[in-house]
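*Asks:* Structure below; questions to follow.
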Amino acid sequence: MRVTQGCFSYLPDLTDEQISKQIQYCLDNGWAVNLEYTDDPHPRNTYWEMWGLPMFDIRDAKAIMGELNDCRRIHTDCYIRLSAFDATNTWESLRISFIVQRPADEAGFMLTRQEIGGRMMRYETRAYGLQKPEGSRYGG
Amino acid sequence: MDTPTPSVADAKTVRGKDRYRSGVMEYSKMGYWEPDYEPKITDVIALFRITPQDGVDAIEAAAAVAGESSTATWTVVWTDRLTACEKYRAKAYRVDPVPNGPGQYFAYIAYDLALFEPGSIANLTASIIGNVFGFKPLKALRLEDMRMPVAYVKTFDGPSTGIVVERERLDKFGRPLLGATVKPKLGLSGRNYGRVVYEALKGGLDFTKDDENINSQPFMHWRDRFLYCMEAVNRAQAVSGEVKGTYLNVTAGTMEEMYERANFAHELGSTIVMIDLVIGYTAIQSMSKWARKHDMILHLHRAGHGTYTRHKTHGVSFRVIAKWMRLAGVDHIHAGTVVGKLEGDPLTTRGFYDVLREDYNPMRLEHGIFFEQDWAGTRKVMPVASGGIHAGQMHQLLHHLGEDVVLQFGGGTIGHPLGIAAGATANRVALEAMILARNEGRDYYREGPDILAQAARHCLPLRQALDTWGDVTFDYTSTDTPDFVASPMPAY
């Protein structure tokens with residue numbers, strides 16, 4: 001399966017040149033680019049691990065691509081997402097977020113159903129990869 | 001026909017003992033026409049388009065509107081003198097002829113804040129659009145715009161979720177959200193209905209939606225619909241790894257019944273419920289409070305609004321409804337598509353979107369916005385564009401409506417020749433390709449068709465969507481357009 005979180009998941013994986021142009025768009029808007037990685041892509045896993053702090057002071061797309069490549073080298077089999085923070089009052093949140101690396105084999109999710117009286121159902125979405133401990137779920 | 005100049009000859013407020021002599025007196029002499037009045041920053045201001053009956057003086061008509069929407073009755077009453085009546089009188093303070101609108105006038109009327117109960121749209125509207133719209137000396141009356149003072153805005157909760165928190169909750173940033181209304185709107189069983197929801201969400205939409213008149217009919221009772229829809233939502237979340245939702249319409253005959261349906265939706269884990277505008281302002285505010293308490297996004301379908309928003313000389317402009325609904329506290333509201341099948345002049349629609357999404361609206365006559373409006377931190381409402389739109393218009397939709405909007409492709413998803421999921425994928429691919437191009441700095445509005453054609457090379461469903469609907473447009477003249485001239489009009 002293909003996790004379709006983020007705003008470009010339905011396009012073919014972006015090339016580095018394309019990613020770089022999106023970074024430039026973020027910088028032109030004055031946003032702080034942020035990298036995060038995880039091996040638990042559950043749709044409600046909000047807090048992926050941060051690759052350092054949001055890059056408030058790096059205003060150069062090339063330097064940010066360098067950070068991304070470092071993150072990719074260390075976390076070869078993780079999901080990595082690139083997002084950007086806008087600190088403008090009454091927004092103060094992300095303006096963009098998209099996946100820039102996925103594991104070679106995306107395990108996907110199991111949906112379990114627990115019948116709880118009448119026709120009511122309790123649903124649970126569980127990642128297939130999660131039986132293994134953190135850090136060893138994909139490939140490694 | 002020349003527009004007669006409003007008469008100001010006799011329109012002077014009578015004061016003292018003579019003011020309260022029993023009998024009938026012109027409204028403009030009773031204190032409802034005060035051309036020298038400077039509105040206070042705490043005043044509510046309303047702008048009416050008035051069309052007086054033949055022979056009725058424009059200023060007298062404006063004063064009558066001020067009177068009938070505040071303290072006046074048809075005759076002088078001595079009991080006025082027991083009150084601080086000058087404060088309670090609404091004051092017409094400016095009357096302008098409508099540019100290119102013979103026989104019509106814009107009347108500006110100021111209301112003291114003390115006239116209104118805090119936090120009640122019902123109370124506000126009972127005054128402003130209460131008796132006055134049936135008033136005989138007027139041929140027609142339209143409420144065009146309102147300025148709410150910050151002191152009044154702060155008495156409302158506003159949207160419980162708002163655009164930013166909705167995006168955080170759904171984990172979706174940087175692109176419009178995508179939805180579809182399940183079709184056919186009537187007749188599907190719960191089981192068949194859920195199939196449409198599943199296919200559309202699996203294919204790439206973020207939301208599906210009940211239509212305004214899907215409540216609990218013989219062919220599908222509400223509990224059945226909710227159960228099958230939530231099965232579909234959960235399945236789609238698991239196959240995509242994305243948060244999905246479906247607007248469960250909880251509109252019902254009584255408040256008790258609506259709460260029961262909403263609570264069931266909450267129990268089932270839905271992220272969003274839906275209501276129709278026809279349930280009324282008080283019910284909407286109650287549902288907003290309920291939504292706040294239950295971490296629920298509240299979607300409002302503007303069912304019925306066309307009966308009073310569309311006609312240019314009589315009724316209430318949708319920009320006013322949009323302001324009331326932002327105060328009342330809905331998170332989503334249908335606000336027009338510009339390019340789709342329903343009424344929508346581009347600039348007028350832009351004005352509606354501004355009212356819903358901006359922190360501060362400057363006066364923009366070209367968008368139909370007559371007053372500056374400070375929203376004082378009130379959360380932003382996500383506009384919804386629905387009705388006759390398709391993937392081939394993606395560049396136009398993004399250009400006219402921007403990024404913070406839900407684009408709803410009902411027929412444009414479900415009518416796809418390869419099926420519902422393919423229709424959904426076509427829309428999602430078209431959207432992402434357009435966002436990518438825009439962010440890269442391309443002139444996406446002009447290059448739109450090329451960008452779509454290029455994206456369709458790796459996406460058969462998009463190619464088929466473009467082949468099926470590429471040329472479909474709804475190009476009719478709008479009835480609701482702004483009337484303004486670039487330079488300010490003289491005031492009388």
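If you go along the chain as it appears here, the first residue is 1 and each next one adds 1.
Including glycine, each Cβ sits where the backbone N, Cα and C put it.
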*Asks:* Based on TrEMBL, name the residue from B:ARG94, B:ARG302, B:ARG310, B:ARG357 that is recorded for the same substrate site as B:ASN131, B:THR181, B:LYS185, B:HIS334, B:SER386.
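*Replies:* The candidate from B:ARG94, B:ARG302, B:ARG310, B:ARG357 that TrEMBL ties to substrate along with B:ASN131, B:THR181, B:LYS185, B:HIS334, B:SER386 is B:ARG302.
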*Asks:* Can you give me the Cα-Cα distance between B:ARG302 (substrate binding site) and B:LYS183 (active site, proton acceptor) in Å, rounded to a whole number?
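*Replies:* Checking the Cα atoms of B:ARG302 (substrate binding site) and B:LYS183 (active site, proton acceptor) gives a distance of 18 Å.
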*Asks:* Recorded positions B:ASN131, B:LYS185, B:HIS301: which have a Cα within 10 Å of B:GLU212 (Mg(2+) binding site)?
*Replies:* B:LYS185, B:HIS301
*Asks:* So, in DSSP terms, is B:ASN131 (substrate binding site) helix, strand, or coil?
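*Replies:* Looking at the DSSP assignment, B:ASN131 (substrate binding site) belongs to a helix.
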*Asks:* Within 10 Å of the Cβ of B:ARG302 (substrate binding site), how many other Cβ atoms can you find? Include all protein chains, please.
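*Replies:* The Cβ of B:ARG302 (substrate binding site) has 22 Cβ neighbours within 10 Å.
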*Asks:* Select the closest residue to B:ASP211 (Mg(2+) binding site) from the following recorded positions, measuring between CA atoms: B:THR181, B:LYS183, B:HIS301, B:HIS334.
*Replies:* B:THR181
*Asks:* CB neighbours of B:GLU212 (Mg(2+) binding site) within 10 A?
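*Replies:* Its Cβ has 20 other Cβ atoms within 10 Å.
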